[in-house]
Amino acid sequence: MRRDGADVGWSLVVPLKPLVRAKSRLSAATGEEFRPRLALAFALDTVAAALACADVRDVAVVTDDPLAGERLAALGARIVPDIPARGLNAALAHGADAVRARRPGAAVATLNADLPALRPAELGRVLHSAAQFPRAFLADAADIGTTLLTAASGVELAPAFGGPSRARHLASGAREITVARVASVRRDVDTGEDLRAALALGVGPHTARQALRHPDGAATVDGAAGAAGAPPPELRAYGA
Ligand SMILES: Nc1nc2c(ncn2[C@@H]2O[C@H](COP(=O)(O)OP(=O)(O)OP(=O)(O)O)[C@@H](O)[C@H]2O)c(=O)[nH]1
Ligand SMILES: C=C(OP(=O)(O)O)C(=O)O
């Protein structure tokens, strides 16, 4: 609550599967051992960048994973236990309910946990645009899925994620956000190719560290950095 009494700022809901099952489509590119570590790194970079966004008031992570819960709570996120075996949309509705149980007038935004290149200022631009509509969403980089869905104060979230969710969210009456210069908010990582695209944008420090540890990762990160010996852009603190 601001000093003038206004109840402002977005409450974010971030869903995260147990790490043992997360990012299954990445295992072909990264190997089974590395996949859960990367899934955790993506979530840490996503949540750290979200918490650094001036328009974000708080972040609730819906997860049953004990390690991820501990690490994300240490960043400042609230951990909401999942409803087991009900899937992503139930987890998101549950997270929004948990937020609004504490703050009934909350404006809620869901954000996927696989956005390792997320920039706080870009998330801010998306949220400013979303604030004009009762419900709004941002399509993923492939223009097929969704990375963010918002519901204004008093509006039901009604999430319809999974597969081609951009079309589903459009059909549900949510407004598509088309603001420019928000590539990092759309850059979800499901495959090895997506990971290379995120590294080229510049990922947060947790993902950068994992990429450097991976047998093939150092070459990828050096490639993204450009000049040999220069500090990779991925290792910089979050910038605009
Ligand atoms: N809490 C919770 N989060 C989920 C659930 N299913 C998916 N998610 C999260 O929702 C986002 C998008 O999920 P998916 O694309 O289905 O799963 P993923 O782990 O990212 O990738 P794949 O395993 O390759 O499908 C990610 O942040 C997931 O961790 C669920 O049942 N509960
Ligand atoms: C669940 C979704 O994401 P993903 O691309 O990770 O499957 C979605 O876009 O609705």
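Including glycine, each Cβ sits where the backbone N, Cα and C put it.
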Phosphoenolpyruvate site partner of Gly162, Ser165 (as recorded in TrEMBL), chosen from Thr146, Thr147, Thr191, Thr207: Thr146
65-86, 109-130, 219-240 - the one TrEMBL records as region 'Disordered': 219-240
Around the Cβ of Gly162 (phosphoenolpyruvate binding site), the count of other Cβ atoms that are within 10 Å: 12
Most distant Cα pair in Å, residues Thr146, Gly162, Ser165 binding phosphoenolpyruvate: 8
Among Thr146, Ser165 [binding-site residues], residue with fewest other Cβ within 10 Å: Ser165
